[in-house]
Amino acid sequence: MNLDFAKSDGLVTAVIQDHASGRVLMVGYMNQEAFNKTVETGFATFWSRSRKKLWLKGESSGHRLVVKEISTDCDLDAVLVKVEAQGPGVCHEGYESCFFRRLDAGEWKVADNPTYDPGAVYGGKS
């Protein structure tokens, strides 16, 4: 049994979840090469759809994601990757999770506090 990379232009959706708290940290995409690299190295690696290249999460920030467990869905076209984050946050905007906004009365509002300064980590670019 193999993952189905053919359904979505060679990609599977990767839901990244904190293995201890269960909080969803981010969603990314993996092609076969990124998935293989993730399994081989134990660090979450993705396919950047905008840059069209492999992307080791935490490559520039140092906030890598250590893989603890990988599961797949019934259609074999998505993976759930449980990780231990090596840093204060996963989101490039300075938050623990990329899911820091919540819909409140029809408006998106920031619902979490920043966990680090992205300007200090990324040199002013976010």
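Cβ coordinates are placed from backbone N, Cα and C, and glycine is handled just like the others.
Taken from Swiss-Prot, the feature Mg(2+) binding site applies to ASP73, ASP75, ASP77, supported by sequence analysis. Annotation comment: Swiss-Prot describes CYS74, CYS91, CYS98 as Zn(2+) binding site, evidence class sequence analysis.
Structural mapping of features recorded in Swiss-Prot.
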residue: ASP73; record: Mg(2+) binding site; Cβ contacts under 8 Å, 6 or more apart: VAL79, LEU80
residue: CYS74; record: Zn(2+) binding site; Cβ contacts under 8 Å, 6 or more apart: none
residue: ASP75; record: Mg(2+) binding site; Cβ contacts under 8 Å, 6 or more apart: ASP4, LYS7
residue: ASP77; record: Mg(2+) binding site; Cβ contacts under 8 Å, 6 or more apart: LEU3, ASP4, LYS7, SER8, VAL12, THR13
residue: CYS91; record: Zn(2+) binding site; Cβ contacts under 8 Å, 6 or more apart: LEU25, MET26, SER97, CYS98, PHE100
- Task: Using DSSP with the three-state reduction, classify ASP75 (Mg(2+) binding site) as helix, strand or coil.
- Result: coil
- Item | Other residues, Cβ within 8 Å of ASP73, ASP75, ASP77 Cβ centroid (Mg(2+) site) | ASP4, LYS7, VAL12, THR72, CYS74, LEU76, ALA78
